[in-house]
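For reference, the structure is listed below as C-alpha cells.
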Amino acid sequence: MMIYSITPPHRLRGIIDLPGDKSISHRAILLNAVAAGSAEITNFLTGADCLSTIACVQALGVHIERQGTTVRVDGAGLRGLREPVDVLDCGNSGTTLRLLAGMIAGQEGMFAVLTGDSSLRSRPQQRIVAPLRALGASLDGRQQGNCAPLAVRGAHLHGGAYELPIASAQVKSALLLAALFGDAPLTLTGRTDGRDHTERMLAAMGVEITVNTPVIRLTPPAHSDALRPLSLRAPGDPSSAAFWWVAAAIHPDAELTTTGVCLNPTRTGALDALRAMGAQIEVTNQRIEGSEPVGDVTVRSSQLRGITIEGALIPRLIDELPVLALAAACAEGETIIRDAQELRVKETDRIATAASGLTALGATVEPTSDGMVISGGARLRGASLDSHGDHRLAMTWAIAGLVASGETTLRGAGAVDVSYPEFWGVLARVAER
C-alpha cells in the first residue's frame, strides 16, 4: 500500500494542465464504440476507471488503439458489438458498469456479465436495473438485482416515459444509451438535472435528442450506421481542478492556475460554492471546444466564510464535496451541507469517511444523514489518515496536508490513479519549499 507524507510548503505557485475530464473520456469511448466510423480522442484521461471502459469495450469487439492520452476508436455501429467471451471487469468504475449495462441491454441476443472490485460490487445498481427493466431490458444480479455482478441479456427495448427519482448522470446516461436501441422515442422527466455530457455528445453525433429542462426526449436512430463518429479533445476535469482551487484558497501564500477547465454549467458547482465562500477566483480565456465551454481558472489565497450547500447545487458538485468540506473547515463560521445523501453510496461512505478524517485533523464536524455540519476556524494539525481506496479522499487529505501543522501521513495514496495519476507529481511541482 502506497504511503505518502505531506508537510506545509512556504507557498503554492504554478500553472496546471489538467487531465482530461473523466465523465467525457468515458462517454467518448462508449458512444464512439457504436458510431459508424473512426474517431480520435485527445487529452483522454488515462486513470484506472477510464482504462476499464476501454478494456470492456475492446472485449465487445471494438478496435481501440491508445498512445498516451490519444485514443482512436473504430466504431462498430449500433448493432455491431460482439458478445464477450468472458466477464466484463469494470474495476472501480460505476460509470463503466452502469452505462455499459444500458448499452448492452439493447443488443438483442447478447449475454454479458458485468462486475468490478469489492467497492463497486457493494454499490447500489437497482437505480439502473429498475428503469432499464421498465424499457424491456433483462438484467439480474445479487440482492434482487441491486448489486453486481449483473447479468445482462440483450432484449428488444421499448420507448415510453420514465421519471427519474434521483439526479444521477449515470442513471440518465444508461437510459439514453439504451434508448438508442428502442423501438420508439424515450422521454425522461423528473430529476434530469446533473451532468449533461451524454446529451451534448449524442446531439453532436446526429441523434435526434431535445432537452427542455426537465424533459429530455430521444428518438432512436433509424439505421444502425446513423451515429456519426465524434473526434474531440477532452477538456480539463473540474472535479480534479477543485483540489487545486481549494488548495490555493486555504493556503496563506498561493496562486494556482488550472488551464482548459470544462466550464459546463452542470459542472461548475464547486466554483460557485467557493465564490460564495469568498474565494478570489478569476476565469479567463473562455471559449468553446467541441460541444463544451472551457476556460482557465486562477485562485488565490482567500479568507473563506461558511455557507450552506444544498438543493439544486448538490448534483453540480457532488464529487467535489469532500474537498469543499475541507475548505469549510478552514473557513470562518459554520458550513452546512445537506441533500447530499448520494455521498453515502460512492466509492466509500463519503459522509462518514470525510467527517472522520476532518475530525482527526482537528476540525469540528457533525455528520448527518444527508451531509454534515462543519464549524470552521479550527487550526488543522497533521494526522495519520487513510484514503480507504477512495481517490477523492486521497486527494482531499493531500490538500489538507498543505495547511495542517506538522506532518500528515496518508495510507492508500495510490488511489489517486483512479482519476488523476499525475496528482502527486503536480503537487510536488507547485509546493515550493
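Just so you know, the numbers here start at 1 and follow the chain as drawn.
Quick reminder: no glycine exception, Cβ is built from N, Cα and C everywhere.
When Swiss-Prot records Lys22, Ser23, Arg27, Ser168, Gln170, Lys346 as binding 3-phosphoshikimate, the matching candidate from Asp140, Asp183, Asp319, Asp370 it lists for that site is Asp319. Most Cβ neighbours within 10 Å, among the binding-site residues Arg27, Lys346, Arg350, Arg392: Arg392 holds that distinction in the structure as shown.
Neighbours of Gly94 (phosphoenolpyruvate binding site), defined as other CB atoms within 10 A of its CB across all chains, total 23. Close to Asp319 (active site, proton acceptor), meaning Cα to Cα within 10 A, are none of the binding-site residues out of Ser23, Arg27, Gly94, Ser168.
Here the candidates are the binding-site residues Lys22, Ser23, Arg27, Ser168, Lys346, and by Cα distance the one nearest Arg123 (phosphoenolpyruvate binding site) turns out to be Lys346.
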